[in-house]
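**Q** Supplied in structure tokens, the structure appears directly below.
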Amino acid sequence: MRAQPAASHYIGGAYVESPEGSAFDSIYPATGEVIARLHGADDATIEAAIAAAREGQKLWAAMPATERGRVLRRAADILRQQNRELSELETLDTGKPLQETLIADAASGADCLEYFGNLAATLTGEHIDLGGSFAYTRREPLGICVGIGAWNYPIQIACWKAAPALACGNAMIFKPSEVTPLSALKLAEALTEAGVPAGVFNVVQGAGDVGAKLVSHPAVAKVSVTGSVPTGRKVAGLAGSSLKHLTLELGGKSPLILFDDCDLESAVSAAINANFYSTGQVCSNGTRVFVQKGLKDAFLKRLAERTANAVMGDPLDEAVNLGPLVSKAQYDKVLGYMKLGQDEGARLVCGGKAAQVPQFPQGLFVEPTVFADVQDSMRIAREEIFGPVMCVLDFETEEEVITRANATEFGLGAGVFTRDIQRAHRVIGQLQAGTCWINTYNLTPIQMPFGGFKSSGIGRENGHAAIAHYSQIKSVYVEMGSTEAAY
Ligand code: NAD
């Protein structure tokens, strides 16, 4: 098998197997080839990870923050040195084209390790003058954090959780998606090579049942999950019953609003990036593209012309723009929505069916699809599809589009295209979304907090904001005089 790891799990600084755990395969979605076979964690493996994390965290938290930061920055360097092989692995595991994985996956993970490595030594408490006496605060780690990943950006998600957690002095047990289990193990190797003590970052494999056991474990202080809203609800219930700290990065159905006065080519680029990048498997995608009436015809014409130029094919060929979907389940789901859109009466502008790539007869390829004349009530406009399916909706006024853009349970991303600077900020100020863009879409630099409003999530990843979600404040009152009592 092309990508078989030394063993399924990485615990206490070493590969560990759990032959009794249920076996599952990692499949290259372009060919259907099994590239690795792993085993889910059994209870003993989970307990071993907890024990390793407990020991590792004590050592790591006792290390000066400057040293922790240095180690994380070294890990960033290692990821950068290994970028090509990590990108190829990510392409095999997810089917995403190498053209993307070379710049968006391990590279983003390295940026994150570097950013939080730099922040580590700056994390301080405050001094509070009480007039003679005083108080101070200490920013302390939470302890053992559990990270649970989705399959669309496997190593990026692992880094976005591990880097702030480790910068704050925590240990992490990370469970990748069972669909894409491989690259988190490489991150664990890189962290060990960089000098992270054994047990500080552990990888445990398995499906939702393993995730639920980790979330429920009494030794775990914090849980951070990237996944769908239904999974987020289940995890929040489990974490709530034992009062754990919680970060949820969930799904979306984000609006991208194009006003008549915007730059047409940039708007078309944004709509393409917001719907077809990673074959549409991006949580913050702007899948409801609201186009003002005067721009509609020109927009749809250029969109169709440019979409026809997309190159679909061998994901390992750097000239290829579009790879297959990640799994048969996702393929069936997306094709179902392509049919549903036509049944619901939306106008198919392009795509709408499975794509044939002769070199890859078993590949899970679908055509990039655009529906026009979409109504707000249609299911394709309300439900997260997580595939290359763009819904174009018409609008006339600013007030109308704000109301319609907000009429969803989700609130992950939102974008506005206009040359009117006041309108851009006025509209963004009224959109119910955690991550917004003006005259671009889906750029997520590590410095910028990322997360959702409403059902799209709780808490934030990245930026200084993430620190609050991986640390706790201890307040200390220091009495400089004597202490009195009433009797
Ligand atoms: P999913 O919800 O099916 O699974 C996510 C992870 O949760 C997996 O590792 C899975 O094994 C685990 N899991 C499932 N049930 C669990 C349970 N009861 N307890 C604990 N863990 C459990 O999501 P997916 O299909 O892997 O990913 C796609 C979804 O993720 C989409 O909805 C997408 O929008 C979302 N997503 C969100 C972000 C973000 O940052 N907001 C980023 C990427 C993906």
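Cβ coordinates come from backbone N, Cα and C, glycine included.
Since we're looking at a predicted model, the values are computed, not measured.
Per TrEMBL, K(+) 1 binding site is recorded for Ser26, Ile27, Asp93. As annotated by TrEMBL, NAD(+) binding site applies to Gly149, Ala150, Trp151, Lys175, Pro176, Ser177, Glu178, Gly251, Cys283, Glu384. Per TrEMBL, the feature active site, charge relay system maps to Lys161, Glu461. Annotated K(+) 2 binding site per TrEMBL: Leu243, Lys454, Gly457, in sequence order. Under the heading active site, TrEMBL lists Glu249. Residues annotated as active site, proton acceptor in TrEMBL: Glu249. Sequence annotations record features per position, and here TrEMBL assigns active site, nucleophile to Cys283. Among the features that TrEMBL reports, cysteine sulfenic acid (-SOH) is placed at Cys283.
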**Q** Can you check which residue among the recorded positions Lys161, Lys454 has the largest number of Cβ atoms within 10 Å of its own?
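**A** The largest 10 Å Cβ neighbour count belongs to Lys161.
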**Q** With an 8 Å cut-off on Cβ distance to the Ser26, Ile27, Asp93 Cβ center, who else from the chain surrounds the K(+) 1 site?
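**A** Once Ser26, Ile27, Asp93 are set aside, the remaining close residues are Ala3, Asp25, Tyr28, Pro29, Val34, Ile35, Ala36, Leu92, Thr94, Val179, Thr180, Pro181, Leu182.
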**Q** Can you tell me how far the Cα of Cys283 (NAD(+) binding site) sits from the Cα of Glu249 (active site), in Å?
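**A** Distance between the two Cα atoms comes out at 9 Å.
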**Q** Long-range same-chain neighbours of Glu178 (NAD(+) binding site), Cβ under 8 Å, sequence gap at least 6?
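**A** In sequence order, the residues whose Cβ lies under 8 Å from that of Glu178 (NAD(+) binding site) (at least 6 apart) are Phe24, Gly40, Gln205, Gly206, Ala207.
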**Q** Do any of the recorded positions Ser26, Glu249, Lys454, Glu461 touch ligand 1, in the sense that the CB is under 6 Å from one of its atoms?
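**A** Result: Glu249.
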**Q** With Glu249 (active site) as the reference Cα, tell me which of the recorded positions Asp93, Trp151, Lys454, Glu461 is the closest one.
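**A** Nearest by Cα distance to Glu249 (active site): Glu461.
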**Q** Of the binding-site residues listed here (Ser26, Ile27, Asp93, Gly149, Trp151), which is spatially closest to Lys454 (K(+) 2 binding site) when Cα positions are compared?
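**A** So, of the listed binding-site residues, the one sitting closest to Lys454 (K(+) 2 binding site) is Gly149.
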**Q** Return one of helix, strand or coil for Gly457 (K(+) 2 binding site), based on DSSP.
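**A** Strand, per DSSP.
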**Q** Where among the recorded positions Gly149, Pro176, Leu243, Glu249, Glu461 do you find the Cβ with the fewest other Cβ atoms within 10 Å?
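**A** Fewest other Cβ atoms within 10 Å, among the recorded positions Gly149, Pro176, Leu243, Glu249, Glu461, is found for Leu243.
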**Q** In sequence order, which residues at least six apart in the same chain have a CB under 8 Å from the CB of Ser26 (K(+) 1 binding site)?
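**A** Correct list: Ala3, Val34, Ile35, Ala36, Arg37, Leu38, Leu92, Asp93, Val179, Thr180, Pro181, Leu182.
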**Q** For Glu249 (active site), which of the three DSSP-derived states applies: helix, strand, or coil?
**A** strand
**Q** What are the sequence-distant neighbours of Trp151 (NAD(+) binding site), meaning same chain, six or more residues apart, C-beta distance under 8 angstroms?
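**A** Trp151 (NAD(+) binding site) has long-range Cβ partners Thr94, Ser177, Val179, Thr180, Val326, Ser327.
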**Q** Check each residue in the chain of Gly457 (K(+) 2 binding site) that is at least six apart in sequence and keep those whose C-beta is under 8 Å from its C-beta; list them in sequence order.
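**A** Residues satisfying the criterion: Gly232, Thr247, Leu248, Glu249, Leu250, Leu412, Gly434, Gly451.
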**Q** Would you mind pulling the longest C-alpha to C-alpha span across Gly149, Ala150, Trp151, Lys175, Pro176, Ser177, Glu178, Gly251, Cys283, Glu384, which the record has binding NAD(+), in angstrom?
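**A** The widest Cα-Cα gap among those binding residues is 23 Å.
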